[in-house]
Amino acid sequence: MSPPSSSPVVLQLHGITKRFGPLVANDSISLTLHRGEIVALLGENGAGKSTLMSILFGHYVADEGEITVRGQPLPPGQPRASLAAGIGMVHQHFALADNLSVLDNIIVGSESLLRLQSAKRQARAKLVEVARQFGLVVDPDARVGSLSVGERQRVEILKALYRGAKILILDEPTAVLTPQESEALFATLSQMVAQGLSIIFISHKLGEVLRVADRVAVLRHGKLVAEAPTAGSTQAQLAQWMVGEAVSLPERQPAAQVGGEVCSLRHVHTTASAKSTARDRLVDVSLVLKAGELVAIAGVSGNGQVALADMLCGMRRPGQGTVQYLGAPMPASAVALVAQGVARIPEDRHGTGVVGDLPVWENAVSERLRSPWFSRWGWVRRAQARSQAQHVSRQFDVRGGGLDAPARSLSGGNMQKLILGRALLAPQGAEGVAPRLIVAHQPTWGLDIGAVRFVHQQLLAARDAGAAVLLISDDLDEVLALGDRIGVMHEGHLSPVLPFADWSRETIGLAMAGSPMTAPVHQR
Amino acid sequence: MSDVMDILANASFWVAVLRTATPLLLGTLGVLLCERAGVLNLGIEGIMVAGAFTGWLTVYAGHGLWTGVLVAALTGAVLGSLHAWLTVGLALSQHVSGLGITMLATALSYYGYRVSFPKVNTPPTITPFEAMDWLPIPILGDQTALTLLALLLVPLLAWVLFRTPLGLAVRMVGENPQAAEGQGVAVMAVRSGAIIAGSALMGVAGAFLTLSAFNAFFFNMVNGRGWICVALVVFASWRPGKALLGALLFAFFDALQLRLQQSGDGLVPYQFYLMLPYLLSILALVLVARKAAYPQALMKPYRKGER
Amino acid sequence: MRIEKRATPSKLAMVAAPLGAVVFTLAISGLLVLWAGAPVGATYLALFKGAFGSLFALSETLTRAVPLILTGLAAAVAFRARLFNIGAEGQLYAGAVAAVAVGGMHGGTGFELPIYLLFPLMLLAAALAGAALLLGPALMKTKLGVDEVVTTLLLNFVMLLAVSYLLDGPMKDPMAMGWPQSVALQGDLELGKLIAQTRLHNGLLIAVGLAVALWLLLQRAVPGFDIRAAGANPRAAAFAGVPVTRTVVLVALLSGGLAGLAGAIEVAGRTSYLTLDMSPGYGYSGIVIAMLAGLHPLGVVASAVFVAGMLVGADSMSRAVGVPNAIADVIVAASLLSVLVASLMTQYRLRRK
């Protein structure tokens, strides 16, 4: 990586400030990008990285500050203007239309709306040429909905390159890729830099940043707190900038005493149906969960984790195979599961975890509403329900507009705490009845470091109290920090679930990509 | 069965089929345009009433037939702008806005009619479009120019949707407006334009009823045709060519039931024949339900900057 | 000034919004009055006098409000669950047909049963008939994903044709001298008068009672929670253990049933027989009423009285001033759109920068 600070400046951000109500998402940020340079924008969730890039790309308008591209000021708030200035963005959640072809997705908006006919032939030829130039392979006439995740990302990238982008913004591009696919992406980035492009790379993964970028800019709570060349920086240094205090990587807390079997899956297959995709299925999955143990399942999202979680949360039945809970077939209804001590933490807190329009107190007891604790003969026992909601709120420090505020008004962290409290706390008067099985699906996604710590504490505490904990997470650091035993999902298959000591980052990465397991490597 | 064969062998039957199909085709194309851009327009029933009324009133006031058609189209466009403002500009419920516009347009039309003609018992008539005698094609030559217009709109709309950048922008906006915005497409403008254009077509569909099929405006004239068009769009998979097919198929059964009623033996009450069009529409919806490839952003409000 | 989304909806705005919408609508409708060449002030005065200006007027308004409360409740409960039931018109007629079929005087209709059995049976049959008509579209939605707006709408036309057939044939009143009306209800089944010498009948008590019952159900009962949750977020509701499909069916039964009862109570209270023009669009007005009330069952009573007042007042006003009574329909339709826009007030607020 050559230090290109001598090459011309292609982009300059000056004093960019953006507020959303009382929240200051970006606070007077200034940044410079040189030609042929890769700058990483590092920060936690909510630090302001995506907002800043959205301003650059014209999705938002900054309240203060200006942007110049190669010396020319950039008209704010218009993606058209940003595109014309040569800025391209590869979004984290791909901005693609599934029902249209690759070619259509790429050329939309590139021709004047007044043209009487679209120049498809020329467009196709140009696309093929650009793809070849950067080593990206796609079929222009394929329907986007039928492509794999990696291919869809390639289309996203080509969208920008086709429009002649010279400055490329990549927003958490490796979030949905296996370690090996990420390597392929990094190779593409090198190609681009060699052709004179400049890249801004948003990430919260420290190792990646050090590997790929020439310089790193760290955002924290909307402010730019540090800027440095990556050569000579360490992960610890970056982590400290990101979080603002000396961060010691948390100590592992291995399980003290592992008890008997609480839950098991044996040779489980999901039923094939027209709607289920290859990613939403389970193929011959066997798993045993024991009391007092935390099993962590790693893997890139979309490889069957949803099916696995659904099966243990009462949302789906196996097509073949058995799921046992406490020695009997697992009940299929959510209500029965909760009554028998299964604590469920769903992946999507807004869309599945709470009913946003309903008040906090109703959400706090929603799972147990049908039980005698909170209802009688079809009528809700209001006083008891509100009292339990108060109890959950206090114990789990849920802050917001009060019990009667709609649940969607809670911040992500508080909403997650509400969901945790609801799942882990028994109804008042039934203390001593702790959950036996905890199914946590991406429980710390999008949370700040304080909330993440809290969630981890709760999961470990429940484990030490004797529950069997299943953690499904695409965050490898989390998996390695918490898992007593670890397994990896890939395309519906579950790898052998081995003790923590039998894995290394490399072997997990290989398993995530579907490589057959080689002999376990004892390595730290 | 011989009854049916007799009916089918008669050329006037096919003339009636094409005539019955025209307002359905125009209305369906209008809905198609709105829905391709991602917006459900339930105002069609009311827009057709309003188009029928204003078109007819224009001709009654002494202006030419094509002026009447133009006025009807403009009426549709104005009502479409209201729907566009409510659903695109303010991102309000597309269902409620559409239903409100249907109710408003219908009520305004009836009110306007009553204010203009307070004491009449039989609706006043005008001289409608004449058959296209100069056209040597059978069956088509017996239709009016509006039918020809409708038929020509099918390949035109197909061309615009699938071969022009504007059509691609419309389709993209209906599939993923955020993505379209990111590619520099002015989402709100394109959506609004599609709604206004589609609503203009709906207005013309209404005008066909008063200026071509019949020659006067009376209550309950549209009689649910607008809703049938909404069903036909799903049946047509949002493609203009299939919309023509659907309209013709539907008109076939509608004209058939009318003829059977007349030649029938009186065993089956006429009301049951009249029910057929509506029941057929429901059947059409059920048949295509599983495979319908909806524009993915249909009925989801779009708010700029919200990601 | 800036527009900013509120975190919690404002209670004040929830009441102010419909009121503001109505005031705005009435102001705009003044233009229509001018078009008809009538003086605006006198017209509105005649409108309100005709609606609320005397005991008689009030009784007429309340009589008109009875079916509107019920169709309003039908729309409110359905819309809460995101089931867009636009078929209340047809369900109303279905209920009326069932009422006559069970309680008719003669001619093949009606049963011979003691009144204390027959009356509830008649109401039950009406509710079931209305529910049955909505069940089809509701199941088509849950099992096949067919949008219920179009299916319920189309069934309205079908139902009206069925009524026309019944009035021509099986249910025709042999003593009505060719007038298309049905057999009359047995006399004992008719609802008593609430205020003597007026048309106001006990159906009002039933309607208001049902409004209160529905409110209690939604707020205090587990099925009520299910309805609200399934309407707000079906996935989260299913996760929490709400039986979503069963809830949609329950909502269909409730909504269709309420609309069916509207038909039965109209027959039993106001007309005592079924005619084709019995309902001048009560089913559709019910939607406006529900939206004006913010889908709140108790609010439905108030907004039904308002809409009834517009309809009754317009009749009397058109006799006095000559403005076509169709203006009432314009006012009702414009209120719907105005309250839709006004609902933004509850979601957003204006802020000084």
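Each residue's number is its place along the chain shown, starting with 1.
Glycine too: its Cβ is placed from the backbone N, Cα and C atoms.
Quick look at what TrEMBL annotates:
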type: TRANSMEM; residues: B:12-32; note: transmembrane segment
type: TRANSMEM; residues: B:39-59; note: transmembrane segment
type: TRANSMEM; residues: B:65-88; note: transmembrane segment
type: TRANSMEM; residues: B:95-113; note: transmembrane segment
type: TRANSMEM; residues: B:144-162; note: transmembrane segment
type: TRANSMEM; residues: B:193-211; note: transmembrane segment
type: TRANSMEM; residues: B:272-293; note: transmembrane segment
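Stretch with the most C-beta contacts under 8 angstroms to the transmembrane segment (B:144-162), considering only B:12-32, B:39-59, B:95-113: B:12-32.
Away from its own ends, the transmembrane segment (B:193-211) comes close to residues 22-27, 29-34, 36-37, 39, 41, 43-44, 47-56, 59, 65, 68-69, 72-77, 79-81, 83-84, 87-88, 126, 128-129, 146, 149-150, 153, 170, 173, 217, 221-222, 225-226, 229 of its chain (Cβ-Cβ under 8 Å, at least six residues beyond either end). Remote same-chain residues near the transmembrane segment (B:95-113) are listed as 40-47, 49-50, 52-54, 57, 79, 82-83, 86-87, 217, 219, 226, 299 (criterion: CB distance under 8 Å, separation of at least six residues from the stretch ends).
Sequence-distant neighbours of the transmembrane segment (B:39-59) (same chain, 6+ residues past either end, Cβ-Cβ under 8 Å): 23, 27, 30-31, 65, 67-69, 71-73, 75-76, 79-80, 83-84, 87-88, 94-95, 97-106, 108-109, 112-113, 116, 126-127, 174, 191, 194-195, 198-199, 202-207, 209-211, 216-217, 221-222, 224-227, 229-230, 298-299.
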